[in-house]
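TrEMBL lists 6-22, 29-46, 61-79, 86-110, 116-134, 146-167, 179-199, 211-230, 242-262, 269-287 with the feature transmembrane segment.
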Amino acid sequence: MIDIVLTILAFNILIIIFKFFDKLKIDNLQALIVNYITAGFCALLFTKQSIVVSEVLHSDFIYHAIAIGFLFIIVFNFYATGTQKVGIAITTVANKLSLFIPVAVAIIIYPNEKISLSKLIAFGLAAISIYLSSTKNKKLNFDKKYLWLIILVFVGQGVADSIFNHAQQTAVNDNEKTLFFIVLFMMAGLSGLVILLFKSIKSKLKLSIKNVIGGIALGIPNYASLVFFFNALESSGLEASQVFPVVSMGVIVISAIVGKLLFKEHLSLYNWLGLGIAIIAIFIITFA
């Protein structure tokens, strides 16, 4: 369980840093690229084996790492566009609800995953808590012509998480963890550089030192969050269909408390209700 707690804490550090990005006017894409490269170097520092490129290219995890790295940066861009076109609330709900994709995939594919009435009740409560905790009121209105953006955020994040879980279950052994993360993060950084290159063709983009510093600050806890998450899926004692919602609900509860205490963010009655339901869902899922 310690890895689940550390995962939740690391994810919340990322959220706090992102909030400072907005206050300091840091370019998200530039910082995100530096973040992934930094995370890749963190993985490189912790590797205990020599890296043989030919062996990495023929490893069981190579396609998983490449796909996840690519999806990370793509989904982020969809998320950023979604917040601009349809608003933060609906985009955030879509992103958080994506946890049900890896949960469903895990239950269908892996024989050790069990479904029970208590789990189904907890999943329903989790969906309700996500909705209530992410909105300022009961309504989520948006221009239907941007529905495709919401679907891409939902599906993209869900697929990335499903591949991540599949890599842990089938493709990455104990000696290959750091190699897996090196490829994953470097692929995400490379994909981001390609996107940045195309954007620079349309408009002049300058690399700011504050974007670099912000990216480095983000990269270290980002590396830690995925390593802890991987370990939680591997050895927490819970099934993957339990780990994903517990982590998601934990992040929602802690981030709301941090937002209230550090950033004086207003929480409506619906938000508080959502947080309460999230805590109940965590309890039911953990002991299901």
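Any Cβ shown, glycine's included, is placed from N, Cα and C.
For the transmembrane segment (211-230), the list of distant contacts is 3-4, 6-7, 10-11, 13-14, 17-18, 20-21, 24, 26-27, 30-39, 41-43, 164, 168, 172, 177, 181, 184-185, 247: same-chain residues at least six beyond its ends, Cβ to Cβ under 8 Å. Among the listed stretches 29-46, 61-79, 116-134, 242-262, 269-287, the one sharing the most Cβ pairs under 8 Å with the transmembrane segment (146-167) is 61-79. The transmembrane segment (61-79) shares more Cβ pairs under 8 Å with 179-199 than with any other stretch in the list 29-46, 179-199, 242-262. The stretches the transmembrane segment (242-262) and the transmembrane segment (29-46) do not meet in space: the count of Cβ pairs below 8 angstroms, excluding pairs fewer than 6 apart in sequence, stays at fewer than three. Remark: the transmembrane segment (116-134) contacts the transmembrane segment (269-287), by the rule of 3 or more CB pairs under 8 A. Residues 28, 31, 214, 217-218, 221-222, 224-225, 228-229, 232, 247, 250-251, 254-255, 258-259, 262-263 of the same chain lie 6+ residues outside the transmembrane segment (6-22) yet bring a C-beta within less than 8 angstroms of a C-beta in it.
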